[in-house]
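First up is the structure itself, then whatever we jot down about it.
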Amino acid sequence: MEYENKKIAVIGLGVSNTPLIRYLVNEKANVFVFDKKEAAGLEKYVSQLTGLKVNYCLGPDYLEQLRDFDIIFVTPGMKKDLPELLRAKAEGAVFSSEMELFLRKCPGRIIGITGSSGKTTTTTLTGLMVKADFPNTYIGGNIGCSLLDFLPEMTTDSRVILELSSFQLQDLTQSPDCALITNITPNHLDMHASMAEYIGAKANILRFQSPDRIAILNYDNDITRELASSVKGRLFFFSRKKLLDEGAFLNGTELIVRLNGQSEVIAIRDQLRLLGDHNIENILAAALISTLQGVSIETIAKVAREFSGVEHRLELVRELNGVKFYNDSISTTPDRAIAGLNAMTAPTILIAGGYDKHLPFDRFAKVVAERCKHLIVLGVTASQIKEEVQKIAPDFPIESVHRLEDAVAFASTRATSGDVVLLSPACASYDMFNNYQERGRLFKKLVNELEKH
């Protein structure tokens, strides 16, 4: 066993690292778990490790005991320049991650999907398409499910669809068999040192491919198109704007996959249930991957027509008194919120604002001024967003509130039949919520509690 009798640290006890700890214990490693939270805040995960021989180092000073380890598994997104980590590296510790281990151990064909936006929808669509024709398919990664527990049942015939974040990709030393980047736009600049570092992390999905592997890029995104020169494998594009000689593209209202000179229509735009141009790109990307994996056109077309979306992504919560309420809490960047706004065809009351990821709001403000009838702002970035919009439209109606409850209540009093109320924050949620899911669930609860009149 590779890890037998090794002294191993796992930093961060959460969704992906809990299966990692089980795996390492089964490999007879001497496992120490480090987390800055106290035990009381980790009961959900500690209970999943009951009966396993695990040592815990918890609380504010948790890293003080990070000494003399053979291997250190670091949770995605953790800054690597902490003094304790630098010291451990100088002492000779090898750094790894749950995803690095999985990529090395997985016997199946791995399809990795990343991007600044669209990766969850594309991963979900691809998973549905591939699994329909190849039942021995697994979907996981950043989408919320570690697949380490499933390794024993995987075979060389298995297909694995992984959503990968920039944090998971940043330090990887291997790439998936098929790699797709949906797009790259500014994001996570509160965590990455620069935009160049962020792009480099995303590009890591391509870096270690061999010539027989597959790379799929968005032709319409300047950054991903430029990455084509670094591709070592077989390169394919998808595009909403350009008719391609090979790849997936939109021609009028037809979504087409063209490979080896053969064109197949996989959907007609008006038949789709998903809203927005960005979702056309997601469907094209998923259809191209699936075709290259041997999925039938009939299966791809059926999934594309029937798929209604993923929770918190332009999710229609309710229509009340002729007003449609949409939950787009996943929109944690200005670019993503712009895509949500562009998908709306009715007069829109927008709820925006939240945690500051150090991203510019100028383009977002311009779209708000052009496409919205009213803006409601809250959170840390409320004044920034308000200021940017007022630069463009000084008299634009903006309401500042302190809570999401106040935002929904105000929106419901201003909306009239035929309007849309859209939660598309353009910001992360960490100033007021644990995550975007919690924010979206509260929005849905508040909307469903509104009374008819």
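Along the chain as shown, residues are numbered 1 onward.
The backbone N, Cα and C atoms fix where each Cβ goes, and this holds for glycine too.
Bear in mind that TrEMBL entries carry predicted annotations, made automatically and left uncurated.
The ATP binding site annotation in TrEMBL covers GLY115, SER116, SER117, GLY118, LYS119, THR120, THR121. For GLY115 (ATP binding site), the same-chain residues lying six or more positions away in sequence with a CB closer than 8 A to its CB are THR122, LEU180, ILE181, THR182, ASN183, ILE184, LYS202, ASN218. Secondary structure at GLY115 (ATP binding site), as computed by DSSP, is coil.
Among the features that TrEMBL reports, domain 'Mur ligase central' is placed at 113-288.
Among the features that TrEMBL reports, domain 'Mur ligase C-terminal' is placed at 312-427. Summed and averaged per residue, pLDDT over the domain 'Mur ligase C-terminal' (312-427) gives 97.
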Fewest-neighbour residue among binding-site residues, criterion Cβ within 10 Å, set SER117, THR120: THR120
LYS119 (ATP binding site) CB neighbourhood, other CB atoms within 10 A: 25
Cβ contacts of THR121 (ATP binding site) (under 8 Å, same chain, 6 or more positions away): LEU274, ASN279, ASN282, GLY309, VAL310, ARG313
Any further residue of that chain within 8 Å (Cβ to the Cβ centroid of GLY115, SER116, SER117, GLY118, LYS119, THR120, THR121) of the recorded ATP site: ILE113, THR122, THR182, ASN183, ASN282
